[in-house]
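Take a look at the structure set out below.
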Amino acid sequence: MTQIWKHRLFWPLAALITLIVVNSVARPRFLTITVRDGQLYGALIDILRNSAPLMLVALGMTIVIATRGIDLSVGAIMAVSGAVALTVIDGSNDPGNLGTVLVAVVVAVLVALVLGAWNGFLVAVLGIQPIIATLVLMLAGRGVALLITGGFITTVNSAPFSYIASGYLTVLPFAFFISVAAIAALALVERRTALGVLTEAVGINPEASRLAGVRSRGIVWGAYILSGVLAGVAGVIYASNIKAADANAAGLFIELYAILAVVLGGTSLAGGKFSIAGTVVGVLIIQTLGSTILFLGVPSAQSPVFFAVVVVVVVVVQSPRVRRALGSMTRRRPSTTAPDQERTKVAA
Amino acid sequence: MTADTDVPPIVDVPLTPDVPPIVEMRGITIRFPGVLALDHVDFVLRPGEVHSLMGENGAGKSTLIKALTGVYQVDSGSITVAGSPRTFTSTADAQAAGISTVYQEVNLCTNLTVGENVMLGHEPRRGGAIDWRATHAEAARHLQSLRLSIDPRSLLSTHSIAVQQLVAISRAMVTEAKVLILDEPTSSLDRDEVDQLFAVIRELRAAGVAILFVSHFLDQVYEISDRITVLRNGSLVGEHPIAELPRDALVTKMIGRALDDLDALSRTAHRTVDRSGEPLLRAEGVGKRGVLEPADLEIYPGEVVGLAGLLGSGRTELVRLLCGADRADAGQVAVHGTPVKMTSPRHAIDHRIAFSSEDRRGEGVVADLTVAENIVLGIQARRGWARPIRKSEQDAIVAEYVEALGVRPANPDAVVGNLSGGNQQKVLLARWLATSPELIILDEPTRGIDVGAKADIQRKVAELSAQGLAVIFISSELEEVLRLAQRIAVLRDRRKIGEVDSSETDLDGLIDYLANEGKGSAA
């Protein structure tokens, strides 16, 4: 037993597994996966599919938070991106055409990229505090989305567009593959290039990084662009799911859930060290919890309370104080291997 | 680091147990990730003595103090205070047991009044509300007992650091401390202020308070202490009455080797530098309004140029303008004779100019990253994110510099924030040397670090300059500047007042120049 519980991912994973166990006890069908027409169905599959928008947004949020920032505008960017995509499809002569849908998605994501670049400009170039800089777009974004759709909820009937959220690629939902692709791409860039460590350096000590020659402006700017693009894709998935552009409801409060997922995954809001795997687990916890609440039949008015209680428990268990208390319970004799997650400051 | 030479670790505690100790620490062991910070250390403090804790950076002084004040929990060992065994889990526990600490950086609220600071958390109350009149009266009484006649209603920030230091001590006395820990209390005080502080310490000692004193200044240690405990590399070396431990013996115990080689370094300063060719860097009229009057400076390859001046004289400001850390609004910098743009640290790095800031923690190391990550950060930044350094290459670079500079612990995966100041400085030096610079600017590289690490760094500077590296060296300790630099640029009041050749002057001459040169003509 080599102090597994001290691993950064231990508590998030324990929470996720607990949730899954509770669910499978309460409703045995939870774990059941049925095969229909060579495609997999079941509660777990639904969680994987429905978590796609939050997953994308939370991944972007992880990188932004690592740079000591925060991006409150992701929900609004989702609304704009959905509105753009639907407007392009709605305005074309052939909404069912694959080419039309591709153009719509590309335009929507490009618009999201521009919005992310705007956030990054405010933060990295003008030096505005991230919470204020992204608040601008958070408040204005939905207005822009409404402007694009002319104040209506645009709806379309386009098979290729619906496929994005509801379709299956071989045995699993297409949206799930989008999540996986984003996770893999991010993990690869972090591992195979120096971007991960440079981002952490900028997040931990911006001035030291600048003097060391790190182009921190580019790194911070890039983080907001990434967050914008991922929110754009999330907006497309959301719109595809409801086949409509709902500027008021799309991505509502998703920025808060994304921040929560990042924190649940063990990344500090103070910036610096970040964990992609942690965020993935954090998102799955939130999604599973949502599905649990739905299943347990908690009245929708009370569901936020239930949600909050569970989150508080997870966060408390992860807090340094509680972890230390748990640590002193198990540590009766001095350990020979030093724990590597404890970052005690020693100035000797 | 060199092996322990002729000094066997002597453990001779306790010495004279005539007075029952107020604090007795036995077999204290504390581990941190990758570091054994304290290894079975004994420490005894008696009422009415001033006891100095000596050791290099990283020897475990701060860790021992933090174990005593409840900041760290011990992994093994016992702490006995006034005869009863204690386990401190917080600083409040330690304070309740009568142990108070005044840290190096004054830990007070400068935006509150002196009286509020002194009484914080102990304000007399009347009917639930704070009785401000009584608070300030009591604060005044405590200040008076330290012969500090200042208005308790004045803002703390309006007083000098020395007074703030004394206010911190009177705050410690409010809690009726039986043990007072002074961690580097004199590092920012001038001579008169030190005298004032020492007078207070002597009075407290006479009143039976046990005082634990930590300072890098040997003179002060010998002036005030009754007893010395020496630590090295987390282990106890010995405890001695001051009269039985001459200075050279103390230094030898602290660093485990004699300091003769530092004197040998002074030959560096007398090396002749070839100044016939193009200077490596030439600054003409570089200045910034309100920061520095336009100044000229030339540096040739293989030359060490010292900058001498008091704090705030413009020495840091000058080098920050030279390397693009701050933007100059006047003047021109040329590298190898070609005028260059120097508006960001990147430009300097691209021209192979490295700048190591005086603010080690704030602008130097990236605390949460490892030794290895910190060392390669400079190279990685130069290469850009898309071309990562291969693991094997990184390991080779890190191993080379950890070895060459003697970074302790020699563990590339240790988190830099856990290292002592001297070792953090070595990591920073390694980062810059790894970028193979032609000019390295070292701003106060030896501040707040121990003799051993100081010697290591000075030796490295001498060695590298002999190999052709140009160095700009800034230090408040003029002996260091004289020892290393061939030429010294002197600054005063945000103006460069001239240059002196270090072979033509000595310490007194340099101080005189610094204080008086150009005074008459400028007036």
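Note that Cβ sites are derived from N, Cα and C of the backbone, with glycine treated the same way.
As written in TrEMBL, here are the features:
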{"type": "REGION", "residues": "A:328-348", "note": "region 'Disordered'"}
{"type": "TRANSMEM", "residues": "A:40-65", "note": "transmembrane segment"}
{"type": "TRANSMEM", "residues": "A:72-89", "note": "transmembrane segment"}
{"type": "TRANSMEM", "residues": "A:101-124", "note": "transmembrane segment"}
{"type": "TRANSMEM", "residues": "A:131-153", "note": "transmembrane segment"}
{"type": "TRANSMEM", "residues": "A:165-189", "note": "transmembrane segment"}
{"type": "TRANSMEM", "residues": "A:219-238", "note": "transmembrane segment"}
{"type": "TRANSMEM", "residues": "A:250-269", "note": "transmembrane segment"}
{"type": "TRANSMEM", "residues": "A:276-298", "note": "transmembrane segment"}
{"type": "TRANSMEM", "residues": "A:304-322", "note": "transmembrane segment"}
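Within the same chain, the transmembrane segment (A:165-189) packs against the transmembrane segment (A:276-298): three or more Cβ pairs sit under 8 Å, each pair at least 6 residues apart. Simply put, out of A:101-124, A:219-238, A:250-269, A:304-322, A:250-269 has the most Cβ pairs sitting under 8 Å from the transmembrane segment (A:276-298). The stretches the transmembrane segment (A:131-153) and the transmembrane segment (A:72-89) are in mutual contact, each linked to the other by at least three Cβ pairs under 8 Å (pairs 6 or more apart in sequence). Tertiary neighbourhood of the transmembrane segment (A:72-89): same-chain residues 53, 57, 60-61, 95, 100-101, 103-105, 107-109, 111-112, 115-116, 119, 131, 134-142, 144-146, 148-149, 154-156, 158, 161, 227-228, 231-236, 238-239, 244-248, 250-255, 258, selected by CB-CB distance under 8 Å and a gap of 6+ residues from either end. Sequence-remote contacts of a segment are chain residues at least 6 beyond its ends whose Cβ falls under 8 Å from one of its Cβ atoms, and for the transmembrane segment (A:219-238) they are 52-54, 56-57, 59-61, 63-64, 66-67, 69, 71, 73-75, 77-82, 85, 105, 108-117, 119-121, 123-125, 134, 164-165, 175, 178, 182, 195, 198-199, 202, 250-251, 254.
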